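Working notes, beginning with the structure itself.
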Amino acid sequence: MNAHSLSVEEVLETLNADREGLSASEAAERLERFGPNSLPRGRKKNPLIRFLSHFNDVLIYVLLASAVVTALLNHWVDTIVILGVVVINVFVGFLQEGKAEKAIDAVRNMLSVENRVLRDGQKKTIPAEELVPGDIVKLSSGDRVPADLRVLDVHELRVNEASLTGESETVSKTPEPVEDDAALGDRTCMTYSGTIVASGTATAVVVATGEHTEIGRINRMLSDVETMTTPLLRQVNRFGIVLSIIILALAGTIFALGFFLARMPLEELFLAVVAIAVAAIPEGLPAVISIILAIGVRRMAGRNAIIRRLPGVETLGSVAIICTDKTGTLTKSEMTVTRVVLPGSVVEVEGAGYSPEGKLTAEGGGPEPEGDKAFNWFVTAGAVCNEARLFEEEGSWNVDGNPTEGALLTLAKKAGQEPEEAARTWKRIDAIPFESDHKFMATLNESGGERKVFLKGAPEAVLDRCDSQMKQDGGTEEIDRSDWEKRSEDLADEGFRLLAVAMAERSSGSDDLTFDDVEEGFTLLGFAAIMDPPRPEAIEALEKCKNAGIRVKMITGDHARTAVAIARSMGIGDGERVMTGPEIEKADDEELVSQVEGIDVFARVSPEHKLRLVSALQERGHITAMTGDGVNDAPALKRADIGIAMGKKGTEAAKEAAEMVLADDNFASIVHAVEEGRTVYDNLKKTILFMLPTNGGEALVIITAIALGFVIPLTPVQVLWVNMATAVTLALALAFEPMEKDVMERPPRPPGQPLVQLSMLFRITYVSVLLMVGSFGMFAWYRAGGASVEFARTVAVNTLIIGEIVYLFNSRYIKESSLSLKGFRATPQVWGATAAVLVMQMPFTYLPLMQGVFGTEALGLHDWIRILAVGAALFLIVEAEKVLTRKTVLSGL
């Protein structure tokens, strides 16, 4: 049933209800038939199942297999260390797992608790869960609407539907039906579950409860929406699978060579295979990725972007499209009179928002506004025929009441009038409140025995009542209706909301103001051209997005003409094309996918439309961000690659569905977060370029030893020590590298781009070979000199560690040379990590307990000099390679 398009009588007849309410027995029968007025609760995933699911990773499988092999060979130290690494990584993943299902709980919590109804003709208060279709409900100011209701009778009812439609202005309600295809925000005879009564009272009939309400429909959408895996997680998973295949193939090849060609003993061969597997796996990479992302979270928080799920940090860095709300994100969400159009002049009003600061200037060098009587009466009428209150609190100007009326009060202060003083001077006797069916407000006021009726409202409603217009000297002349209609169209095309103001003389007599009293005889004072001004920083941020190859699409509840005008003023779209909610509804999925890329402005959209838009953009292969603040945005926020909720005006449902929350509701903060996200990816890339050569070098050391018939230079437990010690210290230091200068001058990273690109493989392979030559060369040289296996292994491990320390300085700049003052100055984290690793190597090398666990022996000063010389040579060779390949192989990094 489309209750919004039926008359009151038709709705009651369809529901088999009347104005006296249902009987108790009928209500009980309907409760049994329709179920309780609540949203169904889904099953939550068992924490144990969530924890065990993190073992479902190919690299974890390889490590667990290695642990089994070492246990069968009674190498328990190796087994315990390997299992310890596995458990640590699983715990990190478990603790960082998102809590997206809280979004559904937040939607459910929006439902009302108790409500006043008519049962058996008597007023009763019952739990909201017991409401059924056909119940007659009483609403008053401050109530949360308990179900979807069809309004029967109203008295100045206004409802805040921002949580459902995203529009901040309260909506006036009337019993009159609307068109069958009216958008949700235009159904003025309906109130919806979860919205708030801002003022007035009403009697209404329940037409839908529980999951059949608009919020219930959104709840189902939210439950059905699949949370998108972030680009980083997809790349890490792909990288893990490829690396596991390479490791298993390598281990199988080495086992075959060792068994069939070298005839190695099985125990030694198994240990060698395990050592290769452990060496090649970057055990610390998952933990390091999480920590790098956490550092990004902290940096973003300092720029008003609160990240709720770690992978969202990097996702921002690869965003190609941002779908953003207009009100409060691109704009200040503070209605402002920017122009007053009078019969004989136009007054430009400077300043934005509710702060009463800004000059008034006559357009085209006309007389000063203060000397224009039409302007002065306009300002007085706007301040007196007004229900809002303008006040200053902690240095910030705010409005209590309708934002548009607040704009008129700000105008009055800019013009030198005090609204409170004007209201006292012109004492109100009676008023006709604004209602959507008549589209105006009128007040009867008196000052010093003189009475006037002030009128403000929609241009067409006010013009219909005017037969004259005021000149600058206060005299009147016949109104030019066609001229004002043209002005109205022109201003609307510029994106302005228009408010017409008029007044009429009223002889003393009755103190009542009726509709008959305001039918005619008014003198038009002018139009207020009102706009929610763009945030200055948002304009700059939009320009940054263009330079960074990020396309911004504005999704708004405004009408199409207004949306295009505002988008044009902000540089969004081509200033012409717009797609409306009904057009989205008519298009099938294939048509929408083909159209959505070329259109940047979407108007009068509903929750399903937003979800379809995001899905269509993703179907085109774009990493998409979506902003929102209402419960209606939650499904699209959850579906988007990165959902962005508003921290100030956002509902809990939106915040729980989102990956990121903006503390200041400012579009510019999104762009700051994108900068940080791209920096996170840069630093992640540097970290991988640093870590993988370590693993590659270790594996090559073992392979070379087997191929040349040497004892294994590195045991599995020593390999794990090198990997974990350097991962949590040296690799982590790269997470603190500052932002690159060109970070917002590159296009978004392609979503299919692998974590390790071909251009990176050259550096990884090259440095792996250098580390192998240094470490294995030192091992072989010491063994040839008669050193024990344990001593030579200690030298090999420390050579690897020193090699990694110097390579850390190489890795700070992928393309630029590190052989400079800037390169050696480094960050405090780089020097701190270097010192930490050197300190850790001392007990590893000299402490008897550690020597027993890791099979090491103490080194002499001359041994350290040789190791340092190898490290210095490695640093210089890598820098030489940078110089030679900067414009060729690495140009694509």
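Just so it is clear, glycine is given a Cβ too, placed from its N, Cα and C backbone atoms.
Annotation source TrEMBL lists domain 'Cation-transporting P-type ATPase N-terminal' at 2-75. Marked as transmembrane segment by TrEMBL: 51-73, 79-95, 239-263, 269-295, 688-712, 718-739, 760-779, 791-809, 830-849, 861-878.
Across the domain 'Cation-transporting P-type ATPase N-terminal' (2-75), the model assigns an average pLDDT of 81.
The stretches the transmembrane segment (760-779) and the transmembrane segment (239-263) are not in mutual contact, being linked by fewer than three Cβ pairs under 8 Å (pairs 6 or more apart in sequence). Long-range Cβ contacts of the transmembrane segment (791-809) within its own chain (Cβ-Cβ under 8 Å, at least 6 residues beyond either end) map to 690, 693-694, 697-698, 701, 713-715, 718, 721-722, 725-726, 730, 733-734, 767, 770-771, 774-776, 778-779, 782-783, 818, 823-824, 826, 830, 833-834, 837-838, 841, 844-845, 855-859, 863-864, 867-868, 870-872, 874-875, 878.
When Cβ-Cβ distances under 8 Å to the transmembrane segment (688-712) are tallied for each of 239-263, 830-849, 861-878, the top count falls to 239-263.
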